[in-house]
Amino acid sequence: MNNIWWQTKGQGNVHLVLLHGWGLNAEVWRCIDEELSSHFTLHLVDLPGFGRSRGFGALSLADMAEAVLRQAPDKAIWLGWSLGGLVASQIALTHPERVQALVTVASSPCFSARDEWPGIKPDVLAGFQQQLSDDFQRTVERFLALQTMGTETARQDARALKKTVLALPMPEVDVLNGGLEILKTVDLRQPLQNVSMPFLRLYGYLDGLVPRKVVPMLDKLWPHSESYIFAKAAHAPFISHPAEFCRMLVALKQRV
């Protein structure tokens with residue numbers, strides 16, 4: 001049985017769907033879900049194959065987006081963190097009428113480094129794929145440690161992420177592998193030039209996975225979008241800076 005796990009909280013007049021990153025699940029939002037559900041009708045989702053959304057194998061980005069969309073409200077602000085940012089972006093591209101605003105958090109339209117494009121070296125992503133088959137729990141933990149490195153609260157932030165992972169059964173190796181394949185191969189830089197809904201991009205200055213150098217490059221490529229950098233955050237600004245993060249979303253709600 002392959003059902004998407006979906007939880008709805010709050011009764012705000014605007015729907016907000018939160019999509020988590022690679023290796024994780026919707027429990028990662030527990031640090032902000034109370035605050036956000038007082039302003040929005042909040043939707044917490046486990047991506048296909050992750051957390052409680054069992055019974056899925058490795059999916060393409062397009063299939064992942066379609067699977068999530070099946071249970072979604074007619075119209076919502078879609079927020080995606082990291083890998084989830086690609087899923088939210090894909091939904092904005094294929095079903096713009098369902099997307100009131102697009103928010104990407106510590107996400108890149110092209111995670112993999114390319115010619116004159118900063119990102120994760122492809123051999124690093126390939127290395128993670130290789131290590132998954134050897135010791136996938138340790139590989140996921142290494143990936144999580146990378147996400148909080150450099151912040152003042154790095155240790156406790158990493159603990160919060162690890163707790164999220166361990167709270168639920170680990171995803172299957174092929175699901176994790178499929179997620180890494182998306183990070184390694186997808187490039188939405190050009191397609192996202194054409195989205196017309198409000199588009200907010202949030203970054204961490206200390207992020208080791210999405211280099212801050214991409215921010216001005218995307219400002220130029222997508223002049224209709226807005227960007228904001230959390231000065232002391234790494235890859236998970238909603239964990240290190242929850243109050244500031246929520247304020248940004250409440251401010252966006254006033255504008256849509």
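For all residues, glycine too, the Cβ spot is worked out from N, Cα and C.
Per Swiss-Prot, the features are as follows:
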DOMAIN    15-242  domain 'AB hydrolase-1'
BINDING   Trp22, Ser82, Leu83, Phe143, Leu144, Ala145, Leu146, Gln147, His235  substrate binding site
ACT_SITE  Ser82  active site, nucleophile
ACT_SITE  Asp207  active site
ACT_SITE  His235  active site
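Annotated features taken from Swiss-Prot, shown on the structure.
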| residue | record | DSSP class |
| --- | --- | --- |
| Trp22 | substrate binding site | coil |
| Ser82 | active site, nucleophile | coil |
| Leu144 | substrate binding site | helix |
| Asp207 | active site | coil |
| His235 | substrate binding site | coil |
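Averaged across the domain 'AB hydrolase-1' (15-242), pLDDT in this predicted model comes to 95. Listed in sequence order, the recorded positions from Leu144, Leu146, Asp207, His235 having a Cα within 10 Å of the Cα of the residue listed as 'active site, nucleophile' are His235.
Across the structure, Leu144 (substrate binding site) and Asp207 (active site) place their CA atoms 12 angstrom apart. If you take the Cα of His235 (substrate binding site) and the Cα of Asp207 (active site), they are about 5 angstrom apart, rounded to a whole number. Reported as a whole number, the C-alpha separation between Asp207 (active site) and Trp22 (substrate binding site) equals 15 Å. Using a 10 Å Cβ-Cβ cutoff, Asp207 (active site) registers 27 neighbours.
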